[in-house]
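The domain 'Cation/H+ exchanger transmembrane' annotation in TrEMBL covers 30-413. As annotated by TrEMBL, domain 'Cation/H(+) antiporter central' applies to 511-600. Among the features that TrEMBL reports, domain 'Cation/H(+) antiporter C-terminal' is placed at 615-780. The transmembrane segment annotation in TrEMBL covers 20-38, 79-98, 110-134, 146-169, 181-201, 213-233, 254-280, 325-346, 358-383, 389-411.
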Amino acid sequence: MEATHKFVCQDDLVNPLSSMGMQVACILVISHFFHILLKALGQPGPIAQILAGLVLGPSGLSNITEIKEFFFQASAAEYYEMFGFFCRILFMFLFGLEMDFAYVRRNLRVVCIVAYGGAFVASFFGLVASFFVYKHLLAENVKLNASFVFCTMLFVSYTSSPVVNRLAAELRFATSDIGRLATSSAMVVELTCLLVFNLIIAFTKLTALRDGFFILLGLVPILFAFKYLAVWLNKRNRKQKYLRNPEVLLILSILIAGSMLIEMAMFNSVIACFVAGLAFPKEGKTARTLLHKLTYSVHNFVLPVYFGYIGFQFDASHLKSLTNILYIVILVLLSLGSKISGTLAVCHYLKIPLKEGVFLGFVLNLKGHADLLFVGSASKAIITWNPTAYNLLLMTIVINTVISGPVVALLMRKEEKLFTHTHTSLGFGLESPDQNELRLLACVYGPRHISAILSVIATLRGTQTASIMPYMTHLIELNQKRRTNVSYHELEAEEMSDEEDYGGNDVLEIHAAVDTFTAETQILINLNKAVSTLSNLHEEVCNTAEDLRATIILLPFHKHQRIDGKMESGKDAVRTTNQKILRHAPSSVGMIVEKGLAGALGFSQLFTVDIMQHVATLFFGGPDDREAIAWSTRIANHPRVNLTVIRFLPTESSNSRNMKVENEIGGNSDIEVYMALSSLETGNDIDNAFLNDFYNGYVASGKVGYVEKQVNNGAETVAALRDIGDLYSLFIVGRGGRGHSPLTTELSDWEECPELGTVGDLLASSDFNINGSILVVQQHRNSKKELIDD
């Protein structure tokens with residue numbers, strides 16, 4: 001008997017584990033197959049994964065007796081429940097890490113109105129549906145109570161943020177304005193529904209005080225442990241790119257232990273995991289490692305299996321009854337109608353266009369996460385669902401998502417203008433740059449370029465309250481043949497590797513510089529790596545900028561300054577890639593040339609030394625110079641920047657009234673600043689109107705200095721530039737677009753680097769001795785004709 005009992009226990013332990021492992025593998029394989037088929041039709045991954053679960057579940061292959069006996073073991077439900085628990089911990093912690101909380105804070109009113117508007121109408125419909133479900137689906141011995149009504153209301157009004165986030169990533173609308181509003185609203189709805197659900201359980205059991213203690217006991221130690229552990233791990237082993245696997249395991253073990261304490265109180269730990277990820281220190285290699293490892297595993301394994309398991313629970317045998325089909329149709333229509341009508345109502349109030357309101361309504365109708373808890377094991381303490389009611393509600397969840405997902409994809413294809421990359425230049429933010437979030441993509445080829453790029457990012461932020469979302473991509477040329485026989489995992493273990501194929505030691509230096517920058521400025525930079533062949537490297541940059549909807553792209557110049565002041569060329573691949581990016585960029589581009597390394601006013605010292613930086617914006621006219629002025633409006637708000645706009649005009653326009661203004665620079669000398677107010681009536685009308693707005697907004701208030709210089713030809717322009725060469729640590733100038741201006745035409749005779757434009761090339765030349773760096777700006781080109789005109 002003892003031997004038999006031991007065999008049964010071992011069999012009960014192994015069989016569910018083996019069947020669950022086989023089920024996970026089958027879901028991954030089948031979902032990948034469906035994804036290949038449906039991707040051609042524009043359908044997202046979660047739909048393919050849910051369909052994979054449908055095929056494998058009781059509605060498909062599990063109808064076969066042998067497969068059903070293998071997958072549906074006696075104690076398999078407990079194993080699946082535990083597996084779902086670990087899945088929820090991982091992806092909610094990751095969502096907290098990735099959450100753009102700054103966007104929610106800036107747009108809290110709009111996000112909450114969209115989230116709660118649709119949820120409120122849906123909850124009212126859920127109130128009505130609760131009586132319908134109670135009368136037709138529940139057992140006769142189950143009494144109608146407040147807990148049941150509230151759970152039904154939550155079920156109808158709920159939005160699954162994991163499904164929304166994954167759908168947004170798959171369809172690439174996560175970084176659009178409407179996409180960020182949708183994902184943020186979905187997260188607000190999910191957290192609110194989970195909070196209300198936990199409160200229902202607490203007050204139903206009359207143990208709210210004890211349960212609250214367990215929640216604090218689980219959450220507070222996690223937050224404190226993560227805060228100090230992240231700082232310690234960042235300082236430990238500085239020569240490592242990422243944390244080692246045991247260190248990652250330690251962090252996840254703390255998270256799981258705290259979550260289990262919360263689950264012991266019969267509460268759901270989803271909110272705690274999300275808060276832990278949201279509060280986790282984002283700077284340093286600890287957060288980078290977690291994002292790197294969790295993003296891959298969650299998006300490629302955890303979420304596909306989780307979504308597949310939703311479809312796996314779909315049992316079509318309950319659809320044999322016409323009455324059950326009618327119940328499901330009613331519940332689906334209630335959910336769809338309430339969500340869409342409520343969302344359209346609040347969108348009308350917020351003056352959001354109708355098409356965007358319809359899109360938001362279908363997105364916020366996606367289900368498939370916490371609603372499984374509302375009708376599943378988490379609610380068994382307060383509600384007794386009979387099998388029919390449980391399965392019909394589960395099918396309602398699946399059908400809602402299967403309907404809403406393809407509709408969202410269809411709306412995206414039909415209304416492409418809603419998701420196009422519109423903020424392609426800074427000109428849109430001239431009137432109030434601090435009110436607009438700046439999304440920029442900075443590119444570096446190695447640690448040599450990092451200081452100048454970071455200084456530009458710091459100045460473009462402007463004030464401390466201005467919103468900026470910087471991304472940095474380390475561009476690495478993929479060689480055809482590796483130059484070493486050392487395997488890749490051995491390269492990762494090397495402390496000081498100069499293997500350039502994968503970044504090598506450059507990655508360590510770039511990470512260290514970015515971490516120092518974040519500690520000094522509190523600007524968080526999102527780092528990634530692009531490895532491609534030389535011919536395709538520019539495509540990586542352009543595609544990334546378009547996916548991120550970056551307003552500007554920052555590039556380093558291919559030359560660097562030697563100790564003797566001469567400019568030395570670097571890799572030809574850098575210059576070639578820069579030229580291709582300038583031709584194909586989906587947004588405005590800025591190229592920084594670092595000069596003046598020996599001077600005390602080095603622009604690269606902006607965020608490391610408390611020195612006032614004097615910056616000059618050179619204006620000759622044209623779209624690129626206007627874009628340079630738009631960049632300057634943000635730079636002028638930086639507390640360590642003193643900006644002066646210098647406009648170059650032909651001498652014949654100087655027959656106007658001049659006003660003399662004293663402007664002190666550096667505390668050493670007074671320079672006469674002449675403002676020819678009537679000069680705004682000469683030259684290009686677009687330039688004059690643009691400068692007139694700029695003058696009224698910035699110069700008249702004293703934020704920015706303004707100087708006009710009269711010159712006749714290129715020689716006088718060169719002489720004027722030499723006169724101011726030692727006064728500024730940064731020169732900002734447009735790349736081109738000036739047409740055949742007599743002020744710059746002669747400069748092209750000795751042009752060496754056309755990618756900088758005539759003026760930028762002159763300033764960057766070794767023969768032109770200045771102590772300032774140069775930022776060359778190119779406005780986004782809307783057509784090939786504009787490129788040809790340059």
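Here the Cβ of each residue, glycine as well, is placed from N, Cα and C on the backbone.
Note: TrEMBL annotation is automatic and uncurated.
With a threshold of 8 Å between CB atoms, the same-chain residues lying at least 6 positions outside the transmembrane segment (146-169) that come near it are 44-46, 91-92, 95, 115, 118-120, 122-123, 125-127, 129-130, 133-134, 179, 182-183, 185-187, 189-190, 193, 196-197, 200, 204, 299, 303, 306-307, 334-335, 338-339, 363-371, 374-375, 379, 382-383, 393, 401, 405, 408. Shown for the domain 'Cation/H(+) antiporter central' (511-600): DSSP residue counts in helix, strand and coil, namely 39 helix, 24 strand, 27 coil. Away from its own ends, the transmembrane segment (389-411) comes close to residues 42-44, 46-47, 50-51, 54, 133, 137-138, 155, 160, 163, 167, 171, 310-311, 313-315, 318-319, 324, 327-328, 331-332, 335-336, 355, 358-359, 362-363, 365-368, 371-372, 375-376 of its chain (Cβ-Cβ under 8 Å, at least six residues beyond either end). In summary, the transmembrane segment (110-134) does not lie against the transmembrane segment (254-280): fewer than three C-beta pairs, each 6 or more positions apart in sequence, are under 8 Å. Here the listed stretches are 79-98, 254-280, 325-346, and the one with the most C-beta pairs under 8 angstroms to the transmembrane segment (181-201) is 254-280.
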